[in-house]
Structure formats: structure tokens, C-alpha cells
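As given in Swiss-Prot:
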{"type": "DISULFID", "residues": "CYS224-CYS234", "note": "disulfide bond"}
{"type": "DISULFID", "residues": "CYS300-CYS361", "note": "disulfide bond"}
{"type": "DISULFID", "residues": "CYS438-CYS448", "note": "disulfide bond"}
{"type": "DISULFID", "residues": "CYS501-CYS565", "note": "disulfide bond"}
{"type": "DISULFID", "residues": "CYS514-CYS575", "note": "disulfide bond"}
{"type": "DISULFID", "residues": "CYS652-CYS662", "note": "disulfide bond"}
{"type": "DISULFID", "residues": "CYS715-CYS779", "note": "disulfide bond"}
{"type": "DISULFID", "residues": "CYS759-CYS769", "note": "disulfide bond"}
{"type": "DISULFID", "residues": "CYS1105-CYS1115", "note": "disulfide bond"}
{"type": "DISULFID", "residues": "CYS1212-CYS1222", "note": "disulfide bond"}
{"type": "DISULFID", "residues": "CYS1271-CYS1335", "note": "disulfide bond"}
{"type": "DISULFID", "residues": "CYS1315-CYS1325", "note": "disulfide bond"}
{"type": "DOMAIN", "residues": "48-148", "note": "domain 'SRCR 1'"}
{"type": "DOMAIN", "residues": "155-255", "note": "domain 'SRCR 2'"}
{"type": "DOMAIN", "residues": "262-362", "note": "domain 'SRCR 3'"}
{"type": "DOMAIN", "residues": "369-469", "note": "domain 'SRCR 4'"}
{"type": "DOMAIN", "residues": "476-576", "note": "domain 'SRCR 5'"}
{"type": "DOMAIN", "residues": "583-683", "note": "domain 'SRCR 6'"}
{"type": "DOMAIN", "residues": "690-790", "note": "domain 'SRCR 7'"}
{"type": "DOMAIN", "residues": "795-895", "note": "domain 'SRCR 8'"}
{"type": "DOMAIN", "residues": "900-1000", "note": "domain 'SRCR 9'"}
{"type": "DOMAIN", "residues": "1036-1136", "note": "domain 'SRCR 10'"}
{"type": "DOMAIN", "residues": "1141-1243", "note": "domain 'SRCR 11'"}
{"type": "DOMAIN", "residues": "1246-1346", "note": "domain 'SRCR 12'"}
{"type": "SIGNAL", "residues": "1-40", "note": "signal peptide"}
{"type": "TOPO_DOM", "residues": "41-1359", "note": "topological domain 'Extracellular'"}
{"type": "TRANSMEM", "residues": "1360-1380", "note": "transmembrane segment"}
Amino acid sequence: MMLPQNSWHIDFGRCCCHQNLFSAVVTCILLLNSCFLISSFNGTDLELRLVNGDGPCSGTVEVKFQGQWGTVCDDGWNTTASTVVCKQLGCPFSFAMFRFGQAVTRHGKIWLDDVSCYGNESALWECQHREWGSHNCYHGEDVGVNCYGEANLGLRLVDGNNSCSGRVEVKFQERWGTICDDGWNLNTAAVVCRQLGCPSSFISSGVVNSPAVLRPIWLDDILCQGNELALWNCRHRGWGNHDCSHNEDVTLTCYDSSDLELRLVGGTNRCMGRVELKIQGRWGTVCHHKWNNAAADVVCKQLGCGTALHFAGLPHLQSGSDVVWLDGVSCSGNESFLWDCRHSGTVNFDCLHQNDVSVICSDGADLELRLADGSNNCSGRVEVRIHEQWWTICDQNWKNEQALVVCKQLGCPFSVFGSRRAKPSNEARDIWINSISCTGNESALWDCTYDGKAKRTCFRRSDAGVICSDKADLDLRLVGAHSPCYGRLEVKYQGEWGTVCHDRWSTRNAAVVCKQLGCGKPLHVFGMTYFKEASGPIWLDDVSCIGNESNIWDCEHSGWGKHNCVHREDVIVTCSGDATWGLRLVGGSNRCSGRLEVYFQGRWGTVCDDGWNSKAAAVVCSQLDCPSSIIGMGLGNASTGYGKIWLDDVSCDGDESDLWSCRNSGWGNNDCSHSEDVGVICSDASDMELRLVGGSSRCAGKVEVNVQGAVGILCANGWGMNIAEVVCRQLECGSAIRVSREPHFTERTLHILMSNSGCTGGEASLWDCIRWEWKQTACHLNMEASLICSAHRQPRLVGADMPCSGRVEVKHADTWRSVCDSDFSLHAANVLCRELNCGDAISLSVGDHFGKGNGLTWAEKFQCEGSETHLALCPIVQHPEDTCIHSREVGVVCSRYTDVRLVNGKSQCDGQVEINVLGHWGSLCDTHWDPEDARVLCRQLSCGTALSTTGGKYIGERSVRVWGHRFHCLGNESLLDNCQMTVLGAPPCIHGNTVSVICTGSLTQPLFPCLANVSDPYLSAVPEGSALICLEDKRLRLVDGDSRCAGRVEIYHDGFWGTICDDGWDLSDAHVVCQKLGCGVAFNATVSAHFGEGSGPIWLDDLNCTGMESHLWQCPSRGWGQHDCRHKEDAGVICSEFTALRLYSETETESCAGRLEVFYNGTWGSVGRRNITTAIAGIVCRQLGCGENGVVSLAPLSKTGSGFMWVDDIQCPKTHISIWQCLSAPWERRISSPAEETWITCEDRIRVRGGDTECSGRVEIWHAGSWGTVCDDSWDLAEAEVVCQQLGCGSALAALRDASFGQGTGTIWLDDMRCKGNESFLWDCHAKPWGQSDCGHKEDAGVRCSGQSLKSLNASSGHLALILSSIFGLLLLVLFILFLTWCRVQKQKHLPLRVSTRRRGSLEENLFHEMETCLKREDPHGTRTSDDTPNHGCEDASDTSLLGVLPASEATK
């Protein structure tokens, strides 16, 4: 129907009205306003559909927005988004496959791009995406989705012997297809067997012999973990995507244990032979690849044949035939059946039968041992009979321990035995084994360990031989000189004397000889004979003693009579005879520590440290019968020696019985001074203490060991989880959850080096499994051992501008969680504040005062008593996780200076100011105390406002300490802790210059009341030596500078802050400002708004100070508010106490790595490295905006120093936010070298580059002194969310890959990121170690963030909707009033307004009548217009009665 000519029609989207009555106008106004409000809250008509597919559950994805259908781009699309689509449309979504929509050429809108879903959304548009209609795609990238339920998929095994064997086929899209064997393994096969309800005790898998050529290949590169419920839940290429042929189709058989059988064949009994396995009636062999002794043990145990002998080579057995069933078998030894072991699959066609495995079990051994071709039954070549055949043993690694076992097994005398090389056998077959290892305690040779396989070859083709003898047959002597303790060494063997060749002769050999002859110690060790050459046999050669042998023939040698020497190589030995020897440690804390001294030739002398090591120290401790659990090297507290240096270049093996048995340069031969004297500390566990230091709790940090008062940090060499487990257990800190290597920075720290770690992780104490070595130098690569134990609870306060207030969060196992108010008491708050070095708790809060947390809440109730030093030490009570809502999270406000008081006054509200710092009370210096500080102090003490503050001895002194802390309060703070504070470089303050305060809450009046008409606050009435500062309404400050002592000058006067004009502004004027603010002298009087233009009044102009005034307003000027300036002429000042901070590098432009320098007194100078820690480095980096952490290092060799140093000995807790708050030595300019200066490299800074906004681009990280990128492997919205939140850029809209913002440069720092999305920093997520990646820059990751925080976004969007709707309603109301006015004018001209004369109507009635008259028009024919107005597809409001608005027919009621 046509719209009448005189009808009113308003259309706003779907909301429109057309009425000609007053009520209709009001209805339209309210309806349109409501509709706008609804539209503001996204109440749009959004729809979703799939088109051009096989049905409503497949096809191209289309979204209806603003009445128009459009497609979705495939950028960022994944199966999670497909699942959301299927779920929203009510389609089956147990499997949702996405496809591209390029098969159909489309036109029109592309509504969505970069869609990223979590999977729990109820509609597609609730996922993250670009703005509607914003994209960089074409329709060839339209995304499509196919939704499938379980009913659409199937799995079966076909063409096998039964339903549990055959070719693997999968049903997809109503069609059965095969699976390619690429990536197929036993985990995947196990999923198939379990899904089909088939047994899975043993699984045989391979490829088919008869491929299914007419079927599709559905899956390829399938990878299962083994615990999936269905095969299609495993990772794969995608349905129908493959690069295979049907010759690669997978087949498998699922076996029950009843289908399997094991045997040993080819031996003399059932417990020895070739290993064979029967599967479904067919016997096959096992390939030796990866076979080990544990596998052999499993075979013997399964067959009830005892245990496996520790050799498996049976070269005489006939090889197997038929199939090789198993390959790559690897057992732990605990398995009950061989098929329970891990293996690489069945039917191996690459393994030949010559590699078949054989086993001999202990219950089936048919073995015999003999010595052949010797002088008797107890000497000769070693031979072993196996299966009626004699075999020899290769002499490779053959030693006396093996010979001892042979002698004992044959029942031969073994008080003396020797090993030898035997001549080849004419009877025995080939070498049976070529490497056997015995301890000497075995009862039979086959109880020794061996290398596991038969050997057919032997290096140099030498058989092992043995000579077993009795001690009565042997003797020893030294001949050719006039002393029985000096001469040529001779040995009697088989009734004949013979010599010993010098090959391999050593000090230990000589020590055994001297000890055996009762001749003391060896004096001269090396050298061949210069006596008359002997005759007769050379019995021994290549003698090698350990040093603890009783006889020289007990040492290893080449065999009796086996040598390659002549008699001029005979050994001579010189022993000490009756000489007296001695050893001691002097100058230490006890007899087992100190400087090492040796007594020789009647004199004590020292030992030089050339070549000295822990083995030599161990010999000393053992010789002195001192404990040796931990051995320290170095003098420690002992001084250097004097006199003779007896030994040098000492080299021990560690098992010598005394120090002089070790190799050395000879008595008295050295090239040393006493500065190189050796020191030794011998200790055991009773002298040792273990703790963790430098962490945020007692269960985290670096490993520190205290030995007899000497403290050292454990070096990180060999550091790992096995050692960390022992540390955590010993400290009662649970188990280790993280180990790390941290750099060392302090020169004076001793170190402990792990020279031998045998920790398995199950030991009760670290001393049970580690051999130690003291080091007075740095660790290898300067890295120290650090760890975090499971009992570690690291707290923090977040959500506030100050580090000592905020929402309580506790970190455990890399996750931060908020704490519920019911789980946290005031006692716990006090413990937390003390742990954070934040003083005491002054308040607890509940709710979102400090913002709401995210993720799960803490699942423990802290039951602190209040006296604990760390929150982790409080008793806890577990409760179910996430039982607390985020609106019940607890917040804490701490104050370091809650311990503040006024003492020595008339009441608690007047007196000398004292604060407690680090547990010590002290007064404050009055040098930088001002009225604003006094106001805050009185407010904090609930003592009203400050009346006056005094300097000197106005009230008196009693404090021992005078602290140098300088508070810079504005006057409106509630606590001193909220004021800016500096202490760095503060000079000592002498007594008599301390500050006192009188507050209005005092019970007494000020002794010297201030005079209102005196502008100078320093009154002459104050006693000499004191100064009374009256508090007035004039204040001074510097703003917009880089520190409190530089900036634009502003004065508080008459209730407003204002500026000063630069007319006549000079150093004299600026000097008054600097002195008033305690900022030294003026360096620069800046003009022309150098620090930016101010606002408010310009209070002073044409100042003309002499520089001696106490206040700026005492200088001559035009008068308050009198000027001819603008703010572009605002004056500023830079004072000598102006400080700045930087990291300076001579070659690098990046300001986040280099020498730490401070600007003071007009020049840059360095900072001393004494006491600089990683915590201080972190404060510097955060203060400079260079990241969260820093690494301190020594000066690079190529760098030069600054030449002088400004400050040193900085001490700072990690909770400070500025280095200016740290304690230090006073400011002092002194010459310094690069080695004395601090060098810092900041870490863990993040930025985005290459994007179109500051919140989008390629992700880059500053680490190890350079910028690098992040690889996009596993990059997703969770990782992007962490980046966006860390940058303060709101929430993540998209996680972009493939260098979407261009390729970066430098190192790719992080790869394989795994974030939860609630981490504070990207590097808190799990990832590969720093710098380890397999990516190129074409894979650089990027992000696109919303640009504002979620909180502000949500708040602003709701408020914006309300504001806009209200404005729109008011606008319509104004238009309505204007319309009424126009109607009145028109009626006065044409149709005079008629009002009922019978009774006065209400205003509403008159307005209604006027509207009705005005709106109802007659057409040219005089007929009334119709109300039949077409609705144009919108919702007609003609019959709508809104609440509070009556229809016209009811208006007069």
C-alpha cells in the first residue's frame, strides 16, 4: 500500500513508525530511542548458514550482517572454528573438517577475516576477528565446513584371518578407504586395536601384500599418543591428503597372549639356543638390533630358566629360517613376557638371519673352563668349552681381575697370579669373545660382564693367558749396592732370580717395592741401572701398580717372562731406609684444615700448587685420617708458609697411600714462591650446612654450602634434576620442579665444584652422592646452580602503581593465582609484607579494588602465626581448586615506614621523627625535610595536620642512628611510603641536624607560635642552633623533568599551582629554587618552556633574586599574578642534585646494555660493581624501560672505562622501583678502572614492529644484548594474548604467522611456545631454551591486539551506548518541541486553536488536541487520510502502547 502523503514515516534500521497522533509521536520517540540502545549493545540481526554443499551441514560459510549475506576468509581458520560453526547450526560436530570455498566463484561481501576461536563460543561472531568487513582476502579464500558425527565415521580390519587382523580401513563420507604407513607406529596400532575391542597384548603391523587399488587413501602421516579413544582423534595430514600409493596401505593383527609362544632352539637343552617366537602357529627369529642383557633376562625368566648369563654370542649355532618376527627389542628387565618389551614392529625384511639373537640361561649352561699349553694345569691359555667346542678369549682389556677369577674357578693357588699373552691354539676354534670385565669377586668367568655379541676377530690376534702361583715360590731383593734398600730390582720366580724392565715404571711401583722390603719410602724413582749389567731372565715388564698392593707381582704386568727389553733397561730403586717422614695441615680451624706441610730430612716445608688437584688433596685427607666428604683447596684462613718448598708438580691418581707416592718433580726441586703454597680443608657432613639463597623463598634460589664457616655457591657444571631432587629433599622443600644456571657476579664468593656426581635423585642428603672441590675462582662460564622446589611459594602484589600494595598473587609451578579473602588473614598479610621487604600490612581489602585476576584461584588456606619470615613457611590447608570467585580476591597495602614515631616530645604527636629501617630505629636528617613531608607524617600518625617542623636540637635527640632517607612528598599522600623517596649517595648526617615535627593533635601548644605576618619562616625567636619552619600555603615544585631536581618551576599560591615567567630569569633565581628543594646549586636556568608549557596562572614575573633568599617569593618581582607573559615563556631549572641513569655503550646505539652510569653534579660517572646483584640489575632495567631482568657481567676486554666513579656499594631489595631508593656510599668522585665498574645487559623486553599500529606487528624480544624474533611454531591466540597484555594493548585479535609483518633480523629467540594465556610475560610460557630453534625468519610470529585493555573496553562500550542513546533521545525531544512550536504558528495563521469551553483540560489534553489538529490534514478532496500505511518491512509501531504512554483514546481519562 502506498504511504499517504500527509503521513509521518521515520525509519531507523529495523525500527520505524508512521503515525499521525500525538501518542504515536511519543511512541516513535521512545521506540526509536530503545531501538538505538539495543543496537548499541550488538542486538543486530546476525545469521549463519552453509551453502553450496551436500546439505545444511556442509558448504561455504556465510554470515548475515546488516541484512546482507557475506563469506568468511580462511586466514587463521582452524578446526576449532569449524566446530563452533557446526555446533551453532545444530549439526554433528564430533569431527568438523574445514575446506576452502574456491570451487564456487562468488561475489559480494567478505564479512570476517582472521577468525580465531577457543571452541567454547556459542556463535561464530563471538570468536576473535577483524572488524566487520575488514579483510585482505578474495573469494578464492572463502572458507567452507563439513560437519560430521560419530555415525559418519567407521573403522575396520579387512582381508585378514579374523575381525582383529587385516588391512586397516576407515569410513569417511560414506566410503571406506585405507591408511598410508607414513609415520605409522605401535602407538597408533594400539589405538586401532583398542577402538575395535580387540586384544592388544601384542600387535603385528606392516604393509599389505594385496593393495586395495579401488579405494581412496583417507589418512596419511597419522601420529597417535596411544591414549586416544578413536583413530581420527590422532594428528594427521587431513582427510584425503596424502603422497602414497596402495602399496603403502597399513595392515595389522591384534594378538592375545594365548596366540604367542617363546622357545630357545639349537642348543643342548631348552635353556640355551636361538630365540624364536611363535605367532599364530608360525615360528620366527628375533633380530639382535638394540638387543641387551635385560632382554636376555626376560627370555630366561619367561622360560623358567633362571637368569641370563652375561654373554649371548653363540656363533656355532645354525642360523634361523623363515620370518624375522621382531626387531629393535628393548627391555627394562621388569617385563614378564618378551612381547611386553618395546620393539620396532614385526616382519623385518632388512634383518638377516646371521643377526639372530641367541641366549644362554643359567639353568642350561653346558660350559667348561681350562688353561691350555702351560707348564701345568694352573698356567696357560684361557679356553672355554661351549656346546662341545673349545673357544679362546681375546686379551683385549684382559687384566688381573679376570685372571684371579680363572685361578679361583680352577682351584689353583691364587695368592699370586698374573695375566699374559698366550700363543695361538691349534685345537681351539676362533675367538669366542674379545672384551670381558670382572671385578675379581665372581665365582666363575661367565659371571663377568661382556660386550654382548660373539667376536670372530681380535686386535693383534692375541689369546688371553693366566699363571696361577703360590706366594712361597716368589721373592724380591735390591742388589749391587752396599744397602739392602738401594740397588737393582730382582724377583725370584720358579726358583730363579731375574730382573724387571723399566717400561711403565712409576713412583707407585717403587713405593710398593720399598714397602714390601720394609725400606720406607722411595727417594729416587726413575732411571735405568748403572750397575754392572745382570744376566739371566727378565721376569717382569710393563709393571703398573695402583699403590696399595702388598707385593710387586700383585701389580699388573705383561706376564712372567714376557718382555721386549734388554738388561741395560733393568730398574733401580732407592728407598729412604730409616728416614723419618711427616705430613700436617697448619693454620686452619682444626688439624684437618690449613696450609699443607711435609717433613723431610729433619725440616718442615710446604708444597707448591703447580699441578695440584682434588685427587692430591684426597690423598692428604686420607693419609691424615681426616674426613673427606668434601675437600677444599686453597689456604682459606691460613697464611702462607716460609722456609723450604719440598714438593712441586705433584700428580696423584687419588688412591695412593701417602703423598710422596705421587709423581712429583723431586724433593726440593721447584720453581715456586710461598704465594703458591697449597692449602687443604678436609670435612664431612657434620661440618656442612645447605641452603638456597637469592630466591624469593627458602625453597628457591642458588645452592649455598657452609663448610666450617666458609661459604660457597655450587657451580652449575653437571647440574641437573637428579641433584636438585636431593637438594629439595634435604631441605624439606618437596621435589624439584625447575633447575637453571644463573650467572655469578660477586668476586669474593667462593665456589664449590662438583668433581664427581653420582646422584640418582633418591638420596637423602647431597653429601651422600657428590664429591666436592673448593674453588676460589669463578665457575665454568661463570654459571652457578639454581633451582625451584615444589614447596616454593612466591608471592607478589599486583594491580597498583606501588610495589608494596595490590592484589595478592602466589606463584607455584610457573602459574600465578589470586588468593581468596577467606584464605588470607592479617597475620598472613604481615608475613607477606615482610617477605617482600615492604614493612608491615596496614590494610586488607576484598573485591576488585586492585583489579580482578584471571584463571584459577589459589587452592590453599594460609594459617600464618605472623612470626614467619616467608609465606611458604606458614601452615596450609588444602581445599578444592577454584572455589573462590574473583570478586572475593584479597588485596593488601603494606608500608615500609609504618614503624614511624615522634619521640622525646610532650605527647605522641610532637617530637623527634624516627623511622625503623631494616629493624633499626633512627632519626632523619633535616637537610631535605620540608613541610609537605611533615603534613604526611602527621596524617599517617592520626595526629591532625602539621603545625611546624624544626631542625637542629629544638626538641632534643636520643637516636643512635641518623638515616639519610629523603622523602619528597606532595603533601596529599596518606603514608610516607607513598611519597617519592631517594637515599642513593646520601652523605652522612651528624647529630644535631635531625628533624622534629609538631602536629595539631599534640596535647601542648607549639613553644614558638608562628607569626602570620612574617613571610620568612625562619624566626629569630627560635633558640640558637634550631630553626622553626611554619607551614603556610605557599609551596614549590619542579615538574616534567627527568628527576625531582629538574623541571618547570611551579608555585602553589592561593589554592592553585602556577608557573613563573622567564623574563629576567637567571642562575641567581634558579639557585634559590635548588636550595629550597634540597637539590644543591643551579646548573642551568632554562627558559622558553624548556620542560613544556604549564597551565593555570602565571604567578611571578621579572624576578630579581640575589641567590641568598630562603624562598623564591622573597625576591623582588612584579607581584602575585602580575605579568605580561604566556606559558610558552615558563621558566625551568636544572640543579646539581639532578640525577639521571643510563646504560652506556661506546659502539652500540641500543641503550639497554652497557656500562651503568649516573648523571650527578653536571657530569656522567660510573657505578661501582661492589654488591651489585641481579635484583639491582632488574631494578635498573625496569627503571629504564629496558625489560624485566638484567644480567651483570665483568667489563668486556675491548671496552674502556668512564675514568671515574660517582657512587659505590649499592644495597637494594628487589621490591624497590628505582635505584634512587637504594642505600649506598655517599656521592664521591674517584678514579676507577673498567674492572671496578658495573656492566649490565637487560633482558626480556618485548615490542612489535612492522604493523600499522603500535599494537600490531612482528613480535620482537630483547635478550642477551640484541633484538630477535619468535618462531610461529605452535603460535596461537594464547601466546598472542600474553603478548598483547604484556604490551598493555588489550586483548589479542589475531595470532599471525609466516612473517605477516615482514621478516625480522637477528636471533630467533623463542620457538615452540606453549602459553596458557594468563602468564605475565611471554618468557614465562613453556618453550625451547633461549636461542634454540629450527626456524627461519620467514616463520616470524606476529600479533594484532585490540589496542586497549579489556576492562576499559568493556566499560567504555557500555557507557558509550548509554551516552549515545541518551543524547539521541534528548535530540528527538528537542525536535518534538520545535515541531510543536511550528504547529502553533501554523494554526494561528490558518486554524485558530480551539479549546473546550465546557471545562479546562489538562496540559496534556491541550497538547494532544493541538498535535491532533496539526497532524490531521485533509486531502484536496476533503476526505480524511487513511492510516493504512505500509510498513516497508519494518516493525509497525501504530498499535504499540509503551509503558507509561497511553493510547490517544485513553488520554482524557
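Just so you know, the numbers here start at 1 and follow the chain as drawn.
Note that Cβ sites are derived from N, Cα and C of the backbone, with glycine treated the same way.
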*Check CYS1271 (disulfide bond) against DSSP and tell me helix, strand or coil, would you?*
strand
*Of all the disulfide-bonded residues given, namely CYS565, CYS575, CYS662, CYS1271, which is spatially nearest to CYS1315 (disulfide bond) at the Cα level?*
CYS1271
_Position of peak Cβ density within 10 Å, selected from the disulfide-bonded residues CYS234, CYS300_ = CYS300
*Of the listed stretches 155-255, 262-362, 1141-1243, which one has the most C-beta pairs under 8 A with the domain 'SRCR 8' (795-895)?*
1141-1243
*What are the DSSP helix/strand/coil residue counts across the domain 'SRCR 8' (795-895)?*
19 helix, 38 strand, 44 coil
*asked:* Let's see if you can do this one: DSSP helix, strand and coil counts over the domain 'SRCR 10' (1036-1136), in that order.
replied: 16 helix, 31 strand, 54 coil
_Counting Cβ pairs closer than 8 Å, which of 48-148, 476-576, 690-790, 900-1000 has the most of them with the domain 'SRCR 6' (583-683)?_
690-790
*What stretch of 48-148, 476-576, 690-790, 1141-1243 shows the most Cβ pairs under 8 Å to the domain 'SRCR 9' (900-1000)?*
1141-1243
*Taking only the Cα atoms, work out how far CYS1325 (disulfide bond) lies from CYS1271 (disulfide bond), in Å, as a whole number.*
14
*Per-state residue totals over the domain 'SRCR 5' (476-576) - DSSP helix, strand, coil*: 17 helix, 33 strand, 51 coil
*Between CYS234 (disulfide bond) and CYS438 (disulfide bond), the C-alpha gap once rounded to whole angstrom*: 49
*Between the Cα atoms of CYS1115 (disulfide bond) and CYS1271 (disulfide bond), find the distance and write it as a whole number of Å.*
64
*Spatial neighbours of CYS514 (disulfide bond) that are distant in sequence (at least 6 apart) but have CB under 8 A*: CYS485, GLY520, LYS521, PRO522, VAL573, CYS575, SER576
*Provide, as an integer number of angstrom, the distance between the C-alpha atoms of CYS448 (disulfide bond) and CYS361 (disulfide bond).*
14
*For CYS1105 (disulfide bond), what is the tally of other C-beta atoms lying within 10 angstroms of its C-beta?*
22
*Say you check the Cα of CYS224 (disulfide bond) against those of the disulfide-bonded residues CYS438, CYS715, CYS1105; which is nearest?*
CYS715
*In whole Å, how far is CYS662 (disulfide bond) from CYS501 (disulfide bond) when you measure between their Cα atoms?*
21
_CYS779 (disulfide bond) versus disulfide-bonded residues CYS652, CYS759, CYS1212 - nearest by Cα_ = CYS759
*Do me a favour and check the Cα-Cα span between CYS565 (disulfide bond) and CYS662 (disulfide bond); whole Å is fine.*
26
